[in-house]
Amino acid sequence: MDIRGNVHRFVKFYIDGWKHFRDPTMESSYSAVYYWREQMKAMFLYTTSKERQMPYRSSWHTLVIIQATVCFLTMCYGVTESLGDKVQMGRDIAFIIGFFYIAFKIYYFQWYGDELDEVVEALETFHPWAQKGPGAVDYRTAKRWYFTLAFFLASSWLVFLCIFILLLITSPLWVHQQILPLHAAFPFQWHEKSIHPISHAFIYLFQTWNVMYFLTWLVCIEGLSVSIYVEITFAIEVLCLELRHLHQRCHGYEQLRLETNRLVQFHQKIVHILDHTNKVFHGTLIMQMGVNFFLVSLSVLEAMEARKDPKVVAQFAVLMLLALGHLSMWSYFGDLLSQKSLTISEAAYEAYDPIKGSKDVYRDLCLIIRRGQEPLIMRASPFPSFNFINYSAILNQCYGILTFLLKTLD
């Protein structure tokens with residue numbers, strides 16, 4: 001596909017999202033998951049076996065891995081220049097942790113790209129989840145809300161991404177003693193502008209490209225990951241709607257029995273997709289929990305260490321807010337998934353009518369009620385699930401460690 005086609009493929013989510021927002025009667029043909037996948041394909045970094053069979057894709061994926069590896073290793077080597085300066089070393093470590101998170105995701109989905117695509121295909125196959133035909137439930141309000149939420153999240157991320165990239169690639173112009181967007185060191189001092197101006201210019205462009213490409217891809221994979229769980233939450237809402245309108249849609253015992261049997265399978269399909277999703281994202285969920293924990297701890301520790309320097313405190317305060325915001329977002333959607341899943345048993349109980357139905361119908365509803373009492377969770381076993389209760393526990397743990405470290409430093 002040509003460059004113009006890929007650009008259109010990338011911005012299509014924002015174009016369709018804006019049209020959808022402006023026109024309440026408009027219904028999107030796809031979920032947000034589809035659009036995020038299209039953006040990753042437009043960047044040539046949707047790492048599935050099918051994509052790798054396309055011209056130049058496999059070579060590009062290999063080149064991306066080499067770029068990420070070189071960038072990460074040179075950033076690690078750059079720490080040797082910061083030894084003795086606690087603030088600079090803390091800043092270097094923070095960027096290394098952040099870039100390691102990006103590189104880990106790139107490596108991880110080289111292995112799990114096909115399984116990720118299986119989840120996406122399953123969600124797109126069943127979207128919008130509701131049974132079609134006479135008596136179909138009106139799911140459009142819920143669908144519009146979730147799609148609009150995804151659109152505004154994507155738009156806000158895009159704005160902040162552009163601002164962050166602009167600040168990062170121009171930082172050598174306004175940050176004292178910084179000569180590259182990312183502090184890094186190369187052999188033979190190739191990064192020193194005064195000694196090797198040509199190689200310095202090349203490294204500057206290399207880092208600028210990496211910053212733009214990898215951060216944009218990170219937003220896409222994060223958006224895809226979040227949207228998958230949001231789509232599962234939407235499926236739960238559709239299931240609840242169909243349960244609550246069961247007797248309005250079904251007339252006669254046979255039709256009722258067939259429908260309750262379908263709803264049992266519908267519920268089981270949601271559980272199966274969620275289990276598969278948790279399995280696919282197992283490594284990344286653990287990694288982002290650990291990365292956020294370290295970034296929050298590091299930023300607070302460095303801010304306390306340099307508390308007499310307002311500029312340094314402001315830098316690490318922003319870093320802390322970014323880490324907390326990222327963790328809060330995942331905790332919110334994890335909570336939303338769990339809370340909505342608990343309404344399944346309530347909806348099934350409302351569908352129970354002793355006057356109508358048969359023994360088979362009651363058995364199906366009881367099965368849904370029993371299964372629905374266990375909340376569906378976003379989790380990477382054996383670690384705790386993503387919700388605000390565990391989020392608070394992580395913050396308390398950070399506070400305890402920092403208190404101990406500060407007392408030790410004093």
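Each Cβ is built from the backbone N, Cα and C atoms, and glycine gets one as well.
Here the structure is a predicted model, which means the values were calculated and not measured.
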Residues flagged as transmembrane segment in Swiss-Prot, choosing from 29-49, 386-406: 386-406
Secondary structure composition of the topological domain 'Extracellular' (170-222) [DSSP: H/G/I, E/B, coil]: 33 helix, 0 strand, 20 coil
Tertiary contacts of the topological domain 'Cytoplasmic' (114-148), as residues 6+ beyond its ends and Cβ separation under 8 Å: 17, 20-21, 24, 27-28, 30-34, 37, 46, 48-50, 224, 228, 230-235, 237-239, 241-242, 245, 248-250, 262, 266, 269, 273, 276-277, 279-280
Long-range Cβ neighbours of the transmembrane segment (93-113) (under 8 Å; 6 or more residues past either end): 45-49, 51, 61, 64-65, 68-69, 71-72, 75-76, 79, 182-183, 214-215, 217-218, 221, 280, 283-284, 287-288, 291, 294-295, 298-299, 302, 316, 319
